[in-house]
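Quick look at what TrEMBL lists:
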type: DOMAIN; residues: 33-138; note: domain 'Cytochrome c'
type: DOMAIN; residues: 182-290; note: domain 'Cytochrome c'
type: DOMAIN; residues: 324-412; note: domain 'Cytochrome c'
type: TRANSMEM; residues: 436-458; note: transmembrane segment
Amino acid sequence: MKIDCKRLTVVTVLIGLFVSFPLLAVESEANNALIERGKYIAIAADCAACHRQAVENGVPFAGGYAIASPMGNIIASNITPSRQFGIGNYTEIQFADAVRRGVAQDGRNLYPAMPYTAYYGISDQDIHALYAYFMQGVKPADIAPTAVTDLGFPFNIRQVMLGWNLLYRKEKQLEKQAGISEQLYRGQYLVEVLGHCSTCHTPRNMMMAEKSSLYLSGSPLGGWYAPNITSDSSGIAGWSQRDLVTYLQTGHLANKAQAAGPMAEAVEKSFRFMTDEDLNAMAAWIKQVPAVSTPVATKSPRSLATDINNVIIGQGNQASLVDISQTDGATLYESACASCHGRQGQGTADNFYPSLTHNSAVSGPGPQNLVMTIVMGIQRKGSDGEVSMPAFGQQMNNEQIASLSNYVRNQFANIDDRLTAENVQMLRNGGELPFIVLYLNWLMGGGAVIVLLILFGLMRLRKR
Ligand code: HEC
Ligand code: HEC
Ligand code: HEC
């Protein structure tokens, strides 16, 4: 029998195509699924919150946004696959090192404004999916950095992070504790690792590292305060698992709390897109975190002289706001707030304009979130729609805001704050400075050396 070589080749190629076509299709389908999974992980980890441009609605992941830290501004990198300005030349291993260990491709130590202290635990599988998403699912943005990170000495020396990392960077992957359910393990992974809740909600020590014994028990955050979210009565003991899910998904919980500031951003960019199953796992984990008791505001009888019922200005009369000598809290409340939140702070029946008498920002341990909400207003998308409250930071001066805040806390929560205009200015500037920065001036007097010595001393202790 004569074999026709040509025909055989044609047939083989045809058979080859026939077999590999569906295989190729399956492969690209699997790759698409991987990219989709990576996208979901990027949402749960909220990479977009920081890696954005400085302008609203800028190019996703193009970077340039300044993250205010007590040491100065730290600029988020371009993490699109641009080869010139982004991470287009990163291998998967280098990507993993940047995300989990805070070490960039060129060996630069990243500042922990990049939350590698939480991302340490991202699984290899999830890193693989994240990498696929950033390389193939994100458009390269050839946009040069619009600003550079410029911290004062000694923080501008990135090697200082070597010592810090030895002390505070976790090296082991997250492990499932014996006896916990799959749901709790998933919840722990989402809360501790991807969601990095503790980077905002856990107080920090002198060296700016999280105090693990006070996990999630509340921390100042710029001018804001990320409250105690453990199940203590000073935290969110009264919240059910369902309540937590509702709050994370929508940004509000009737007669309890509304998310403003950094939390509103986390809801809008991240939590509202997460599955019910994942949100429930997170809530279940939060509910069983050890309760930590923290100071609450002391209640005292109402002390302010003016009663709202004696205020004669019409509701929502903004004219009185123009008068900067008007510093009576009740009058300011009547002019600026009552039209939405009601004269008695009762809000509206449908909670669209929330009550201020049952409100964690008004009754919280300090006035930070109330003051910052008055200054910045609220713009937030949740899974159930959009809410907005006007910002009053331009219209009102610090004295007016202090007096309005004192009135609101006193009238609606029986708290006597006596906040001053200086206190308000300090919050506007980003709150009280932590130890390490406050004492920098003193350290500068020959003391920077001491900091380094302390760091190296601690490193040696740790090594032993
Ligand atoms: C809270 C803010 C924040 C979040 C959230 C965040 N990053 Fe970053 N990231 C930063 C900052 C700031 C830098 C630059 C730090 C520096 O210059 O030391 C950075 C740097 C990086 C780098 C190094 C790039 C380079 O070469 O400069 C990579 C890669 C990166 N981030 C990836 C990610 C990924 C992926 C996610 C989500 C899983 C993420 N980041 C989430 C703030 C953040
Ligand atoms: C970027 C910082 C940041 C991150 C990340 C963050 N939070 Fe928050 N959170 C805040 C701030 C600030 C508030 C106060 C918001 C307000 O009252 O306007 C808050 C408020 C809350 C509240 C309401 C508490 C109350 O008593 O009003 C809950 C619950 C909460 N966060 C849970 C979480 C969980 C769970 C995570 C992680 C999945 C998380 N947060 C991540 C900053 C953050
Ligand atoms: C135009 C209507 C409107 C006006 C005027 C207004 N608010 Fe609001 N306020 C809102 C809305 C809407 C929310 C968020 C509701 C939500 O999240 O569901 C809100 C939320 C709040 C919160 C909760 C914030 C947090 O962080 O938990 C406080 C406190 C508050 N307002 C106080 C005030 C004060 C004080 C004034 C006067 C300076 C004022 N509001 C004026 C509509 C308004």
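All residue numbers here begin at 1 and follow the chain in the order shown.
Cβ atoms are placed via backbone N, Cα and C, with glycine included.
The average pLDDT the prediction assigns to the domain 'Cytochrome c' (324-412) is 95. Here the domain 'Cytochrome c' (324-412) has, by DSSP, the following mix of helix, strand and coil residues: 40 helix, 10 strand, 39 coil. Note: the domain 'Cytochrome c' (33-138) comprises 44 helix, 10 strand, 52 coil (DSSP; helix = H, G, I, strand = E, B). For the domain 'Cytochrome c' (182-290), the DSSP counts in helix, strand and coil order read 55 helix, 12 strand, 42 coil.
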